[in-house]
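Note sheet for the following structure.
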Amino acid sequence: MIQTTLREAAAWCGSLSFPLVGEAGDIRFAGVSTDTRTIAAGQLFVPLVGANFDGHDHLTAAEAAGAAGALWQSDRPQPETKLPLILVSDTLAALQKLAESYLASIGARVVGVTGSNGKTTTKDLIASVLRTAFKVAKTEGNFNNHIGLPLTILRAPADTQAFVLEMGMSDRGEISLLTRIAKPNVAVITNIGESHLLQLGSRRNIARAKLEIAEGLKTGGALIYNGDEPLLAEELAASPLPAGIGKLTFGADASCDLRLGAFEGTAEGSRFTAEAGRSGEPSEPGKPGKSSGPAPAEAANQPAAPEAVFELAIPGRHNALNALAAVAVGRLFGLSDDQIAEGLRSAQLTGMRIERTAAANGAAVLNDAYNASPASVRAAIELVASLKAAPGGRKILVLGDMLELGPDEAEFHAAIGRAVTPDKADLLLAYGPLSANGAREAEKLLPAGAVKHYMDKEQLIADLLAKLTPDDLVLVKASRGMKLEEVVYALQRGAVS
């Protein structure tokens, strides 16, 4: 974590009171906190301001907890306190600037990851690959926004050699801010889906928002993006990357620089071939976090690497595509395919992303309840279709509403229902008002009684528990706001509550 003096922090965050002089400036702090409920002694308190809260109101609590000092917004009255204060015009902007400066002082290389679907999984895979050669810090949980990304950076040890930072968004300009803080050496766009259509209006606007990640790329860096998505190619043709920035595509299409070849999937994982790719020279010992091989832009333009076979302990063809992005990053960082393979085999995903668990009676459960969009739900249905239930077992889909899809939300849900054919699932339990559209379509395809729509989550759980057998396979997926992980927890308990 960041450990420095208040004087240096004042300089880094653009303090209005810089330079702090005397004893106050020499005080050292270790770590940053925005929450007095969890702040530790010796940390720097950053009081953020929101629509319904003001962290400045909790300065006394920070002082009582042993904070070493605090940022203080200049438009707030000067408080009565013994804590050294660093005066700033905006505490959030100062937090972001502090993170940017700390990151620059470390000198680590940075990978930024965004996309409509799969960005958290891809971030986890990239981090696991890079850990075979570097000391890595990555985004944890949902710390992928204008507050979480700076905190992720500030919590990382000073000897971090590589950062893998997820960049989320709900509107234009948000990724632009994040990438300018992180200044990545490599930026990754997993795909363009329908998430945030409510705010952005079209998939093209979503593509433009995701491409903001290239704005912060360092000279000599590279953009890795999904070559199966024509919108990205069209936007890059209309607005080319600056000179000195390389690009590399991955996907299933034959035109991609790194193409998914043979694929074999099981419930436990997959085995796939990367049929082509571009690789930098193997890294050599040198300055921590640095590679003596070519810069990413140079590596992205070198001849294709030979075919390589990789194994992934995560099921689904869509996850093999996510893994291709990790392969591309690993090669640009100068790792061998053996190192990349080791990282992919040992990767551990963030929870509720195709997380395999079991019900109390032994039935297999795939917990994919963290979020959902039309593309990710279709991919999850295809995954279930590719898996084999135990003899006599059924494939059961528990699908909830997909949120923030804009005026066409009803049709998006209806299309999901039309995708639930008898060769893909035996039962569909749909939850939420929007999912009624999908249930109506699925009823036309599945046998009578195989589809049921619910507005009461507890009733859904009760019915599922009553009909579940030890040989069944259950997929649970919905947008975050539907909280369908509660269904998974009930299955694990074997009881509604």
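One-based numbering along the chain as shown.
Just so you know, glycine gets a Cβ as well, placed from its N, Cα and C.
Annotated features, as they stand in TrEMBL:
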- 30-102: domain 'Mur ligase N-terminal catalytic' (DOMAIN)
- 113-329: domain 'Mur ligase central' (DOMAIN)
- GLY115, SER116, ASN117, GLY118, LYS119, THR120, THR121: ATP binding site (BINDING)
- 269-302: region 'Disordered' (REGION)
- 279-302: compositional bias 'Low complexity' (COMPBIAS)
- 352-480: domain 'Mur ligase C-terminal' (DOMAIN)
Within 10 angstroms of the C-beta of GLY115 (ATP binding site), the count of other C-beta atoms across all shown chains comes to 28
Within the same chain, the residues at least 6 apart in sequence whose Cβ is under 8 angstroms from that of THR120 (ATP binding site) are THR139, ASN144, GLU166, LEU349, THR350, ARG353, TYR370
Top of the binding-site residues SER116, ASN117 by count of other CB atoms within 10 A is SER116
Same chain, |i - j| six or more, Cβ under 8 Å of LYS119 (ATP binding site); the result in sequence order is VAL113, ASN144, GLU166, MET167, GLY168, THR190
Mean pLDDT across the domain 'Mur ligase central' (113-329) comes out at 89
Going by C-beta under 8 A and a gap of 6 or more residues, the same-chain neighbours of GLY118 (ATP binding site) are THR190, ASN191, HIS318, ASN319, LEU321, ASN322, SER376
Checked against DSSP, the composition of the domain 'Mur ligase C-terminal' (352-480) is 48 helix, 29 strand, 52 coil
Here the 10 Å Cβ neighbour count for THR121 (ATP binding site) comes out at 25
